[in-house]
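A.B. asks: If you scroll down you'll find the structure; I have some questions about it.
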Protein chains: 2
Amino acid sequence: MYDGLKGFRDFYPGEQSARREVTDAIEGAASRHGFREIATPALERTEMYVDKSGEEIVEELYAFDDKGGRGVSMTPELTPTVARMVVAKGQELSKPIKWMSTRPFWRYEQVQQGRFREFYQTNIDVFGSSAPEADAEVLAVAADALTDLGLTGDDFEFRVSHRDILGGLVRSLAADPDAVDTAAAIRAVDKRAKVDDAEYVGLLSDAGLARDTARDFDDLISDVETVADLDAVAEAGDESVEAAVENLRNVLAAADDFGAGEFCEVSLTTARGLDYYTGVVFECFDSTGEVSRSVFGGGRYDDLIESFGGQPTPAVGVAPGHATLKLLCQRAGVWPDEELSTDYYVLSVGDTRSEAAALASDLRALGDDVVVEQDISGRSFGAQLGYADSINAETVVVVGERDLENGEYTVKDMESGDETTVPVEEFPPEDGLPTYEDYV
Amino acid sequence: MYDGLKGFRDFYPGEQSARREVTDAIEGAASRHGFREIATPALERTEMYVDKSGEEIVEELYAFDDKGGRGVSMTPELTPTVARMVVAKGQELSKPIKWMSTRPFWRYEQVQQGRFREFYQTNIDVFGSSAPEADAEVLAVAADALTDLGLTGDDFEFRVSHRDILGGLVRSLAADPDAVDTAAAIRAVDKRAKVDDAEYVGLLSDAGLARDTARDFDDLISDVETVADLDAVAEAGDESVEAAVENLRNVLAAADDFGAGEFCEVSLTTARGLDYYTGVVFECFDSTGEVSRSVFGGGRYDDLIESFGGQPTPAVGVAPGHATLKLLCQRAGVWPDEELSTDYYVLSVGDTRSEAAALASDLRALGDDVVVEQDISGRSFGAQLGYADSINAETVVVVGERDLENGEYTVKDMESGDETTVPVEEFPPEDGLPTYEDYV
């Protein structure tokens, strides 16, 4: 007997049917907005990740040399791969490019609740538009996906921030702007809720802010709770801060028009950890706080395509992670039932296999989603009925020798156990999915 | 600029939409027969493959040591993983277990037409039934999938064979049955069409058949073209051959009842290469021979679960590979169009973003599959129309300031260029997907 690997999961049909429903909801929302599915490799050259994130990234990669001596890694995220794909096709692709895909990624890290070594995400990205409507569309798709799952504005919120407000403000406040490590300051803000106050101020200080100034900076960003509060921030910063505030306002106004405004809050203490983000960034949180971590996040990464050797191409995206989303859905009571569903079990008794199989085939033809099972184990009446129950069959159609002599099937409702006979020529009808109720 | 890895493919939206259609057809056929989706890890312990296939398998695996020192491999096939999953849950799972899933697998091998290092398969398996109806259901699902794709009996055939007929016949004919390497003899049959006659006879001879006997054996199996021809084989063999002939007949009779019989041919020169097959095996071929390789195959593997430490559990499955299936679909002219489709582009002119976005949202609510795009790049009328054309929008709805003052939208058919105005309150209607034709 073999074990699976730690941090890797087997999904059996019950759980998988719930996961499929959630994936379909997310992909459906993106698809209705015109995001097109792509498919991408599981392996890339390790150097692509090292160039982008530094040698230390290798520590958390499934990295190895292939049989041809190439340094390769199992993809830890999608963004570098899609950046490579955008660069490869360059001008051939009409803009904006709107792509989505769902697949696993891999990171060698500590396994904990909602975090695995193999984890699934749906990536949703726009390339080629710097307009606030692009950011808003990404927020709208995320909001549509969550509301399609049954979540409401009482369940989740998008905390929206802007990296250039944070970076510009740090440089505006610093005694020596040239000595500021903007990226380090933003990483400090990202860690704000995860470390204690002294460590946080220390991180800001390491990034080039005097301790008093760090305190002022934190007061400024943490005081912002509404769009109106952004005035004070714009006044305290330089022109870059003013422009970023204007951009954030425009994104939020577009999000209002696109139907996502009600889920958005301004939150400058939100920063996102990854260095490649450039403009608006956001994170989705459980409004009740019961799921304490960010459920997922997204934002702008306008410089990445150029750094990959492509034409300057603005970009914005979001990547719902399925494991944390499951925690939110479970907390809100909207995680789908983890069970099988079956429309019909066609039960053959006696020498009726041919007739039963033909009926099963006719029932399957009633719809793309209809599920019809029949005996493939040579079982007795009772054993077949037990199996039909185990797969939650809604209706059992008994095809017995005597029934057939009378030109009838027996249609049985598995919830109540009630049954009736139906003339063979009336079953199934030309359209609709017939149940016991239709014949009494 | 980075390159992808050789043998790994990027799928852009046009090609991916065709692949999605094909995957949905295969999964849909399996789902309608009650096969339930599972999801499985990309990495397993390397020893699982070595134990099953010997040390030489490592040569074609993406095998490496993870950061915890475990010998791991990117999964080259699904069967060992599902066997592990069946063993892990044991008696908990009600039988028959019917599972399916679509995902990539990885093998380090020579890249050629229809063969890649990362390749996609849909695996469809039944565990827990040794009845001929289980084999027949697997054949029926494969046939339904192919006919749903638009293929017909003129396009493909299932060449059905039986390992116990081949193995039993070899032992019955051999001067010393105990000296026969049955698995090697079956591997020789599998290579029959790929090597020259001398090499083929040499392989049978290595397996323990004298050269003359090898010739007799080959005459016997190659003479079989119909079910009736199996009589001669049953007579030439021992009781195990007789039983296997009986089983093959029963499977073909069940396949007739299940609607797959018309696609099946008896072909004892079909053997399948993998050692774990035990009973009925089959391969799907292009009937015209233009695609010269087997498109995909399947069969029984009744001993695998027990060899993985589980209770004896008969099993039968099929795994359509998407790359070779594409070759067959292209040859038959039924590969789906590789292009985008879009139902509506809502074109906003002037200060109408809010109204246009609300209309786009209403249109999206008309159906799960409806695709609606709008401007997210701040573009002019002409540039928006060009983009709408590039995404193959069927209908453009123009939301202009003047139109709105008149309480109207302009509805434009993108095929003909014809347009008309429609009162705002009549668009969209309560059901159906409105087009230009509905308003003239």
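Every residue, even glycine, has its Cβ placed from backbone N, Cα and C.
Taken from TrEMBL, the feature L-histidine binding site applies to A:GLU77, A:LEU78, A:THR79, A:ARG107, A:GLN121, A:ASP125, A:ARG272, A:TYR276, A:TYR277. Per TrEMBL, domain 'Aminoacyl-transfer RNA synthetases class-II family profile' is recorded for A:32-440.
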A.B. asks: Please give the maximum pairwise Cα distance, in Å and rounded to a whole number, for the L-histidine-binding set A:GLU77, A:LEU78, A:THR79, A:ARG107, A:GLN121, A:ASP125, A:ARG272, A:TYR276, A:TYR277.
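C.D. replies: Farthest-apart Cα atoms in A:GLU77, A:LEU78, A:THR79, A:ARG107, A:GLN121, A:ASP125, A:ARG272, A:TYR276, A:TYR277 are separated by 21 Å.
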A.B. asks: Can you tell me how many other Cβ atoms are located within 10 Å of the Cβ belonging to A:GLN121 (L-histidine binding site)?
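C.D. replies: So the number of other Cβ atoms within 10 Å of A:GLN121 (L-histidine binding site) is 21.
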A.B. asks: Around A:GLU77 (L-histidine binding site), how many other CB atoms lie within 10 A of its CB?
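C.D. replies: Step by step: centre on the Cβ of A:GLU77 (L-histidine binding site), count other Cβ atoms within 10 Å, giving 17.
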A.B. asks: Please work out the mean pLDDT for the residues of the domain 'Aminoacyl-transfer RNA synthetases class-II family profile' (A:32-440).
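C.D. replies: Mean per-residue confidence for the domain 'Aminoacyl-transfer RNA synthetases class-II family profile' (A:32-440): 96 out of 100.
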A.B. asks: In the three-state scheme derived from DSSP, which category covers A:GLN121 (L-histidine binding site)?
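C.D. replies: For A:GLN121 (L-histidine binding site) - judged by DSSP and reduced to three states - the answer is strand.
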A.B. asks: Long-range neighbours only, meaning 6 or more apart in sequence with Cβ under 8 Å: which ones does A:THR79 (L-histidine binding site) have?
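C.D. replies: Set apart from A:THR79 (L-histidine binding site) by at least 6 residues yet with Cβ under 8 Å, we have A:ASN123, A:ASP125, A:TYR276, A:TYR301, A:LEU304, A:GLY317.
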A.B. asks: My understanding is the cutoff is Cβ-Cβ under 8 Å with a sequence separation of 6 or more in the same chain; which residues meet that for A:TYR277 (L-histidine binding site)?
C.D. replies: A:ARG163, A:GLY299, A:ARG300, A:TYR301
A.B. asks: List the residues of the same chain that sit at least 6 positions away from A:ARG272 (L-histidine binding site) in sequence and have their Cβ under 8 Å from its Cβ, in sequence order, or write 'none'.
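C.D. replies: Looking at Cβ-Cβ distances below 8 Å from A:ARG272 (L-histidine binding site), excluding near sequence neighbours, one finds A:SER161, A:ARG163, A:ASP190, A:VAL281, A:GLU283, A:GLY297, A:GLY299.
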